[in-house]
Structures are given as structure tokens and as C-alpha cells.
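Reading through the C-alpha cells given below for one structure.
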Amino acid sequence: MTPPRPPHVVILGGGSAGWITACLLHHRWAARGGRVTLVESPEIGIIGVGEGSTPQLKAMFDLLGIAEAEWMPACDATWKLGIRFSGWSERPGFESYFHPFPGPIDLHSEPGFIRACAAARRGFAVPAHPDPWFLASVLAGEGRSPHPGPQFPFAPGYGYHFDAYKLGAFLRDWGVARGIVHLPRRVVDVALDGRGDVAALVCEDGERIAGDLFVDCSGFRAVIAQQALGGRFISFADNLFNDAAVVIPTPHSGPVLPQTDSIAMQAGWRWRIPLTTRVGNGYVYSSRHISADQAETELRAATGMLDAAEPVRFLTMRVGRMEQTWERNCLAGGLAQGFMEPLEATALHIVIATALEFAQALEEGGFTPANRDAFNQQAAERYEGIRDYIVGHYRLNQRSDTPYWRENAANQHLSDRLKAMMTAWFSQADLAQANARLYGARYYSAMSWHCLFAGYGTFPAEDRMRPLPDGIDDGGLERVRAMLVACAGNFPPLPGVAQIR
Ligand SMILES: Cc1cc2nc3c(=O)[nH]c(=O)nc-3n(C[C@H](O)[C@H](O)[C@H](O)COP(=O)(O)OP(=O)(O)OC[C@H]3O[C@@H](n4cnc5c(N)ncnc54)[C@H](O)[C@@H]3O)c2cc1C
């Protein structure tokens with residue numbers, strides 16, 4: 001049987017979400033006659049923040065067949081091996097830890113780390129801080145490239161930092177050159193047909209842009225999914241307090257490490273993201289706990305910009321998700337689908353996963369309610385799985401110096417699944433099994449969950465830790481350390497600031 005002809009897709013919005021979705025759907029369906037039209041209003045513009053990714057962005061470029069040499073220089077991009085969390089924990093020895101992206105060498109070091117955690121959870125004084133156990137952490141700390149020399153065929157997983165405007169522009173040019181139709185228009189209305197499906201986008205001059213499938217990537221406005229179709233938004237405000245951000249770029253100083261820094265602040269945290277041309281900084285905070293002025297002053301002080309003329313930019317965030325990602329003939333993507341604070345830089349990860357899973361679901365099941373419900377369930381679970389991991393940072397961090405941190409630590413609005421993960425950790429149960437049972441091990445690996453708990457020093461109090469008796473496995477850190485040092489030598493050091501410019 002010949003598969004049905006793919007739909008004519010009309011995407012509203014030309015931010016990163018719109019262009020990523022456009023390129024992926026065009027790539028998948030163009031050869032079978034699928035068409036993609038993207039409508040965006042240059043006057044409204046894009047949000048333009050969002051400078052860090054997970055390895056999913058690499059998977060996307062690989063899928064599209066776009067080489068790093070082609071897109072990275074065009075987007076001021078650098079490599080990212082993971083995220084360093086600093087200042088979140090007050091426990092001595094745990095002031096900072098690295099959350100690495102997983103890679104094949106972890107197969108040889110992760111089991112030891114998990115055994116070390118098991119011993120430390122029982123109160124035995126063994127080295128269970130995550131940093132020395134993972135190749136990505138070692139490479140990031142030493143400022144090495146994620147690309148090994150030819151003798152070593154085991155690259156770690158990695159993502160990128162990039163300029164969000166330039167990434168959108170790159171994908172626009174790439175997509176338009178391959179047949180995506182780009183219409184710079186302001187949409188003032190959404191026309192529905194007699195069944196309530198979307199029939200067309202109506203532009204300022206009255207032009208109607210019709211299609212079979214509409215993708216709402218109009219940002220926090222959610223013009224189609226919420227305004228026209230009345231979709232319900234589920235807020236995560238009870239789980240995640242941060243609802244605002246202030247951003248400022250700074251010039252490079254010091255080494256350019258392949259990592260995002262996430263540094264705890266009075267009422268939130270700030271990111272530090274190295275691009276080739278500048279450093280991106282942003283303070284994500286709770287507007288209930290500090291004012292915009294206080295946030296700006298704290299960010300300027302932390303980045304050495306107190307007396308600088310460089311202006312800051314403020315953003316407010318709608319934290320949560322649409323109840324239905326796919327409603328009638330409309331798919332919501334990017335900020336129109338939902339938003340969680342960028343602590344794990346997961347927004348574009350979700351955009352890519354949503355577009356790919358949607359294309360597959362539509363091909364396999366068409367526009368049927370059962371197919372849509374199954375897809376929506378999967379999308380909701382992804383959101384909530386990632387949210388739980390982010391909430392985990394706030395519950396486990398051990399910082400207590402301001403009302404913001406104390407309220408976070410006392411917050412009882414946790415999902416049952418996150419509570420069950422915490423119970424598993426504290427009752428010394430198998431966390432990998434719990435992750436598989438509760439989340440299908442789909443959103444974060446057992447390694448990531450162990451790093452989260454261990455990285456914040458979530459072990460019995462220091463004065464209750466006792467020497468390791470004979471017969472209890474300490475994970476064998478010395479052997480792992482020697483192996484990682486030998487592996488790291490295969491990865492060349494990154495150029496310094498002067499050379500990347
Ligand atoms: C503080 C902050 C930090 C972030 N950090 C990260 C990060 O590190 N990593 C990450 O992956 N993500 C991050 N994000 C999220 C990321 O910025 C977004 O997911 C990403 O930029 C996609 O945005 P978007 O395309 O959905 O929306 P936008 O960029 O807002 O684009 C909306 C588009 O819709 C168009 N539009 C809207 N209304 C109309 C209309 N009526 N007619 C025509 N066009 C219209 C606009 O013109 C624009 O083109 C961050 C977000 C915030 C707020």
C-alpha cells in the first residue's frame with residue numbers, strides 16, 4: 001500500500017522552535033510531496049535567549065546531514081560536555097559538581113560510581129562525589145575537545161552553546177534553500193472550520209494561509225493552541241518558583257571550558273555560557289522573592305558588570321505545559337507547548353523530540369483521537385519527567401541561607417514519582433530500578449539521577465559517616481581515575497580565547 005501523502009504543514013513562528021520543526025518535518029516529508037510553510041512576524045521578533053543544548057541538538061544536525069564545520073562557526077557555537085552546578089550545596093566537599101552527558105566510556109566507570117554511592121548512602125566514608133568518575137567531567141575540567149584523536153573511537157555525548165538568533169537564521173537559510181516557504185507576515189486571526197479545526201491563518205492584509213496541519217510555535221503567546229483553540233495550560237508554579245530572568249553578555253575572561261556553569265544566587269541561579277564571541281549570562285529568579293532591580297544588581301555584581309554601560313534584558317516566563325500538545329489539527333511546539341526553566345537546557349531538546357515523535361505518530365496512526373491521545377500522553381510524561389529532575393535540584397541542594405532556598409527545601413508540591421525516587425535513594429533501594437519503574441528510564445539515566453543526589457552530598461550527616469569495613473565495595477575509584485587519565489590524553493586541548501575569536 002502506498003503511504004498517504006504527508007500534510008501541508010503551516011508553522012506559525014520563526015524562533016528556534018519554528019525553524020527546528022520546519023527543517024525536521026521538511027526533511028522527513030519533502031521527498032514524498034510534503035510541503036512546509038513558515039509564517040512569522042519580524043516586528044514581533046523572537047525571544048532570542050536559549051543558548052545551551054543537550055546532545056539532542058547534535059542528533060538533529062546529524063539527522064539533517066549538517067556538519068559542525070558548516071553551522072558552528074555561523075552560530076558562534078562551542079561544545080558542551082555537561083553542566084557544572086556551583087554554590088548550590090553548603091556541605092563541605094560538595095560546593096560544586098558536574099552533571100556530564102553520558103558516553104560509552106561510562107560503561108566502565110559508572111558501575112563503580114554507583115557502588116561508591118551505595119556505600120556512602122549506608123554511611124561509609126568513601127569518595128562518592130560524581131566528578132572524578134566520568135570522562136566528560138574530566139575533559140570539561142581540563143578544557144579538552146569532545147572529539148578524540150583517530151586512535152580512540154569513543155567520543156562522549158555532547159551538546160552545544162550557540163547564539164539563538166544565529167541558529168534560527170542558519171536553519172531558516174538552510175530550510176528555505178531546500179524548499180520551505182517563508183512568509184514574513186503578522187497573523188491577526190485564526191480561522192476555524194465547521195468542525196472546529198484550524199482552516200487558515202489570517203494575516204494583517206487579509207491574506208489567508210491554509211494548510212492541513214498547523215504547528216503553533218508563536219512563543220508564550222500560543223496564538224493557535226491557546227488563543228484560538230482554547231487549550232488549557234497547566235502551570236508548574238507550585239513546583240518551580242522561578243518565573244523571571246535578567247540577562248547580560250560579558251566579554252571572555254579566563255579559559256573557555258566546554259561546559260555551562262549554573263551558579264546558585266540569592267533567589268535562583270545564573271548561567272554562564274561561553275560562545276566564541278562572548279559569554280552569555282542570565283539570572284533566573286523568583287519574582288516573589290526579589291525585585292527586578294535586586295536581580296539586576298546581583299547579576300551585575302556577580303559578572304563584574306556593576307559599573308558597565310551594557311544594558312540588561314528582562315524576561316518573564318510562563319512555567320508549565322499545555323494539557324494537550326496535539327489538539328485537533330494543531331501541534332504546539334517550543335514556548336507555545338510549554339516552558340520549564342533552563343536549568344538543564346531542555347527546551348530545544350523537547351522541541352526536537354516533539355517534532356520527531358509527532359511525525360512518526362502521524363505516519364503510523366493518522367489524525368485519529370486514539371493516536372492523538374497516546375501522543376499527548378507521551379508528551380506530557382516527558383515534560384513531567386524532566387520537570388521532576390529539575391525540581392530535584394531544588395529539593396536536594398542543601399542550601400539554606402535565604403528564604404528562597406529554605407522555601408524550596410520545604411516545598412511539598414512534589415510529584416509522586418519524584419517522592420518515590422527520593423524514597424528509593426534514602427532507603428538504599430536500587431535507584432536504576434526505580435528510574436526504570438517510575439520513568440521508564442526515558443528522561444534521565446540512572447547515572448544522572450545518581451549525580452543529582454550524590455553531587456549535592458545527599459548522604460548521612462558528616463559526623464555519622466564511618467570508616468569502610470573490609471568486604472564492602474568502594475567502587476574502585478583509583479582504577480577508574482587511572483583509566484580516565486589515560487582516556488583523556490586522546491582528546492586535544494581546546495584553543496584559548498584568543499584563538500577561537
Ligand atoms: C531565560 C530563558 C533561558 C533559556 N535558555 C534556554 C537554554 O539554555 N536552552 C534551551 O534549549 N532553551 C532555552 N530557553 C528556551 C528557548 O529560548 C526557547 O525554547 C526557544 O527560543 C524557542 O522559542 P520559540 O521559538 O518557541 O519562541 P520565540 O522565540 O518567542 O518565537 C516566537 C515566534 O512567533 C512569532 N509570532 C508570534 N506571534 C505572531 C503573530 N501573531 N504573527 C506572526 N508571527 C508571530 C514571532 O515573530 C516569533 O518568530 C530559554 C528561555 C528563557 C526564557
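Glycine too: its Cβ is placed from the backbone N, Cα and C atoms.
So that you can see what the record holds, here are the features copied from TrEMBL:
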BINDING   Gly14, Gly15, Ser16, Ala17, Val187, Leu335  FAD binding site
BINDING   Lys80  7-chloro-L-tryptophan binding site
ACT_SITE  Lys80  active site
BINDING   Glu344  L-tryptophan binding site
Least Cβ-crowded entry, counting other Cβ within 10 Å, from the binding-site residues listed as Ala17, Val187: Val187
Contacting binding-site residues for ligand 1, chosen from Gly14, Ser16, Lys80 when the Cβ sits under 6 angstroms of any of its atoms: Gly14, Ser16
Of the binding-site residues listed as Ser16, Val187, Leu335, Glu344, the one whose CA lies nearest the CA of the residue listed as '7-chloro-L-tryptophan binding site': Glu344
Whole-number Å value for how far the residue listed as 'L-tryptophan binding site' lies from Leu335 (FAD binding site) (Cα to Cα): 16
Count of other CB atoms lying within 10 Å of the CB belonging to Lys80 (7-chloro-L-tryptophan binding site): 29
Surrounding CB atoms that lie within 10 Å of the CB of Gly15 (FAD binding site), all protein chains: 26
Between Glu344 (L-tryptophan binding site) and Val187 (FAD binding site): CA-CA distance (Å): 33
Secondary structure of Gly15 (FAD binding site) (DSSP, helix/strand/coil): coil
Annotated FAD contacts Gly14, Gly15, Ser16, Ala17, Val187, Leu335, maximal Cα-Cα distance (Å, integer): 18
Cβ atoms near Ser16 (FAD binding site) (within 10 Å, other residues, all chains): 28
Chain-internal residues near Glu344 (L-tryptophan binding site), provided their CB is under 8 angstroms and they sit 6+ positions away: Thr54, Ile83, His99, Ile386, Tyr389, Ile390
